[in-house]
Amino acid sequence: MNKEAYIQMFKDTDALLEGHFLLSSGKHSAKYLQCAKVLQYPNLAEMICRDLAEYFKDQQIDVVIGPALGAVTLSYELARQLNCRSIFAEREDGIMKLRRGFKIEEGEKVLVVEDVITTGGSVKEIIEIVKEYKGEIVAVAGIVDRSGGKVGLGYPLKTLLTLNIETYEPDECPLCGEGIPIVKPGSRKVK
């Protein structure tokens, strides 16, 4: 599928929201991509992950890992497409870690996934976990890179959509200046 088709998919599932949003990164934005609204449809999740899997089918990935909650479905379906394991990391006392008996064996080839990448904060936390376990990171994958390709993660990044959606520091946000109420739609508590 092309970029326009993916954008239309977000619109058709009411996953492209407009307003005033507090992102997990702590930044503000006039647009929010709620991937869960797309991924709630198994046929769309399968289609998205099939397209992503094409980039990694010859990489012999051993495990796909992403942060809970946003990347759990993405990690699972992408791992199914790549015929490998899927695990996720989650926060415990504010720190991202592997729980539930999940582990990465030394030398395993790992694909890190996230649904939407803005600053790469959650992805960087996952990368650190993989390094702790001495896994070999092959790449980072996602549905949307909303940084416009500006986020640097130190590994190849492959997303289906690269959008340049403006974000603002809270003290520089024009939406705050206009008095527009802010909404926090994500899954991570912002400090």
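Note: Cβ is positioned from N, Cα and C throughout, glycine not excepted.
Here's what Swiss-Prot has on this protein:
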type: BINDING; residues: GLU114, ASP115, VAL116, ILE117, THR118, THR119, GLY120, GLY121, SER122; note: 5-phospho-alpha-D-ribose 1-diphosphate binding site
type: BINDING; residues: THR118, ARG146; note: orotate binding site
Cβ density check for ARG146 (orotate binding site), other Cβ within 10 Å (all protein chains) comes to 24
THR118 (5-phospho-alpha-D-ribose 1-diphosphate binding site) -> DSSP, reduced to three states, gives coil
Using C-alpha atoms, which one of the binding-site residues GLU114, VAL116, GLY120 comes nearest to ARG146 (orotate binding site)? VAL116
Within 10 Å of the Cβ of SER122 (5-phospho-alpha-D-ribose 1-diphosphate binding site), how many other Cβ atoms are there? 26
Residues sitting within 8 A of the centre of the GLU114, ASP115, VAL116, ILE117, THR118, THR119, GLY120, GLY121, SER122 CB atoms (5-phospho-alpha-D-ribose 1-diphosphate site), not counting those, run SER24, SER25, VAL123, GLY142, VAL151
Within 10 angstroms of the C-beta of THR118 (5-phospho-alpha-D-ribose 1-diphosphate binding site), the count of other C-beta atoms across all shown chains comes to 22
By a simple count, how many Cβ atoms lie within 10 Å of the Cβ of VAL116 (5-phospho-alpha-D-ribose 1-diphosphate binding site), its own Cβ left out? 24
